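**Student:** Found this in TrEMBL, in case it helps:
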| type | residues | note |
| --- | --- | --- |
| ACT_SITE | Cys261 | active site, nucleophile |
| BINDING | Asp30, Arg35, Thr86, Thr121, Glu153, Lys264, Arg329 | NAD(+) binding site |
| BINDING | Phe150, Leu151, Lys152, Glu153, Lys205, Phe250, Leu251, Phe252, Pro253, Gly254, Gly258, Lys322 | substrate binding site |
| DOMAIN | 315-417 | domain 'UDP-glucose/GDP-mannose dehydrogenase C-terminal' |
Amino acid sequence: MKIAMIGAGYVGLVSGTCLADTGNEVTCVDINQDRIERLEQGQVPIYEPGLAELVVRNAALGRLHFTIDTAEAVRSAQLVFLAVGTPSNEDGSADLSYLWQAVEKIAPHLRTDAVVVVKSTAPVGTNQEISNRLRKLTGRECDVASNPEFLKEGAAINDFQYPDRIVVGVRTPAAEDKLRELYAPYLRTDKPFLTMTPESAELTKYVANALLSTKISFINEMANLCERLKGDINDVRRGIGHDRRIGFQFLFPGVGYGGSCFPKDVRALADMARKVGLEPRMLDAVDTVNNHQKFVLLAKLKQQFSDKLQGLTIAIWGLAFKPRTDDIREAPALVLIDQLLAAGCKVQVHDPEALKNVQALYGDKLLYATSPLDALEGADALCINTEWGDFRNPDFDEMKRRLRLPIIFDGRNLYEPETMREYGFVYHSIGRVPVK
Ligand code: UDX
């Protein structure tokens, strides 16, 4: 099939490339000329394992193209995907200006039988609004479908190629047929192709992310409770997880969720609820608990050092909002860094992939270490924010030699308290009795 992918950002690039890989002819369009020129040379602007190889391979085979020319891409396309960003406004609502710009640009060039497919995460009613705008711009009825994506950063290629389900919101049998054909290669096993109204499809994306965020905020609150009541959240997690109605997934306590989706989508869904006169008590609580959890390591530090943080040197391992990405959007580490700097600490940071992005934000306010051990040199304590594999099996003896004080605040429960006791660390983690 001939496909135009409007927006060569994270979602557009991954989706476009994977769709080319199953034999479609895909043209990715972006307004950023520099980005397009780099992509034409095989340079991928984001860190996503496996993506660069797939881009180069499909471009070489002549079925993946990049352009800034919307007309050229849309003119012959049977499917026109909209995958532009929908960032948060100050009040939590979604900023749809990129989407409206894209709609204006594609309208004059759409084939009469083209299906416009919304991939961007956008509030319920956006599909209808796009239909209305296209009707005005083209003078005819245009077929607009909604097809949310559920990609995880760091595993996006695999998630695209082996989806748990495909969700499409359609108004016509023609749109359903085209999308069913497009996704058939990915649904060879028992995974369903679910059709519904565009409104339900739009909601599905938000509800999925809101429920996953709820699980995390819930387990974080329970972890904080475990600490006060001298329980161990790991034992409790095992105790509840074997109940098949509960399960184990997405119930790891930590320093709060971050990234480009969960925080933004929870707030946007709450905003949608308010706009229709509903008080989103659960969603507000999920967001509040998460914002609070980002301060959890700071609270432990203050307690350990009797509120005297001024002049301390603090090492931080892990800056990205999760492992296997360089993404620091809404990352809990940034909240910790800000608080430590404000308290007058010297901060030495290490992350396997995100150092560059953090340096762009903080410049010479931080010390950037290229190895985990270098970050510890002369530090009064170590804080761990991200569970990178690199941090799971460190040389504890060498860590003790480098640190000025053997104190660890582990925001991801990477180590066994007993092991830490044997090595002689003061060890604080999440929802477990500290080792002192
Ligand atoms: C998420 C959804 O998983 C994906 O389906 C959607 O399309 C986009 O949003 P992503 O933002 O890439 O994907 O991250 P994910 O791997 O889901 O993790 C989100 C955050 O939750 C991270 O900050 C992670 O550290 C945190 N998390 C996750 C926990 O704190 N505990 C858990 O048990 C799981």
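Cβ coordinates come from backbone N, Cα and C, glycine included.
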**Student:** Taking every protein chain shown into account, which of the binding-site residues Arg35, Lys152, Lys205, Lys264, Arg329 has the largest tally of Cβ atoms within 10 Å of its Cβ?
**Tutor:** Lys205
**Student:** Quick check on the binding-site residues: of Pro253, Gly258, whose CB has the lowest count of neighbouring CB atoms inside 10 Å?
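**Tutor:** Minimum Cβ neighbour count within 10 Å, taken over the binding-site residues Pro253, Gly258, occurs at Gly258.
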**Student:** Nearest to Lys205 (substrate binding site) by Cα distance: which of the binding-site residues Thr86, Thr121, Lys264, Arg329 is it?
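**Tutor:** For Lys205 (substrate binding site), the spatially nearest of the binding-site residues is Thr121.
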**Student:** Anything within 10 Å of Lys264 (NAD(+) binding site)? Look among the binding-site residues Phe150, Lys152, Pro253, Gly258, comparing CA atoms, and list what you find.
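**Tutor:** So the list reads Gly258.
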**Student:** Considering all pairs of residues in Asp30, Arg35, Thr86, Thr121, Glu153, Lys264, Arg329, annotated in the record as contacting NAD(+), what is the maximal C-alpha distance expressed in whole angstrom?
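**Tutor:** 25 Å is the greatest Cα spacing among the residues binding NAD(+).
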**Student:** How many whole Å apart are the CA atoms of Glu153 (NAD(+) binding site) and Gly258 (substrate binding site)?
**Tutor:** 12
**Student:** So of all those recorded positions, Phe150, Leu251, Gly258, Cys261, which one's Cα sits nearest to Arg329 (NAD(+) binding site)?
**Tutor:** Gly258
**Student:** Would you pick out, from the recorded positions Leu251, Cys261, the residue whose Cβ has the largest number of other Cβ atoms within 10 Å?
**Tutor:** Cys261
**Student:** How would DSSP class Thr121 (NAD(+) binding site) in three states?
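**Tutor:** Thr121 (NAD(+) binding site) sits in coil per DSSP, no helix or strand.
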**Student:** Compile a sequence-ordered list of residues in the same chain as Phe150 (substrate binding site), six or more apart from it, whose Cβ lies below 8 A from its Cβ; state 'none' when nothing qualifies.
**Tutor:** Asp159, Pro163, Asp164, Lys205, Ala208
**Student:** Under a criterion of Cβ-Cβ distance under 8 Å and sequence separation of at least 6, what residues of the same chain contact Thr86 (NAD(+) binding site)?
**Tutor:** Ala94, Asp95, Leu96, Tyr98, Leu99, Ser120, Thr121, Ala122
**Student:** So, by DSSP, how many helix, strand and coil residues make up the domain 'UDP-glucose/GDP-mannose dehydrogenase C-terminal' (315-417)?
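**Tutor:** With helix first, then strand, then coil, the domain 'UDP-glucose/GDP-mannose dehydrogenase C-terminal' (315-417) has 38 helix, 18 strand, 47 coil.
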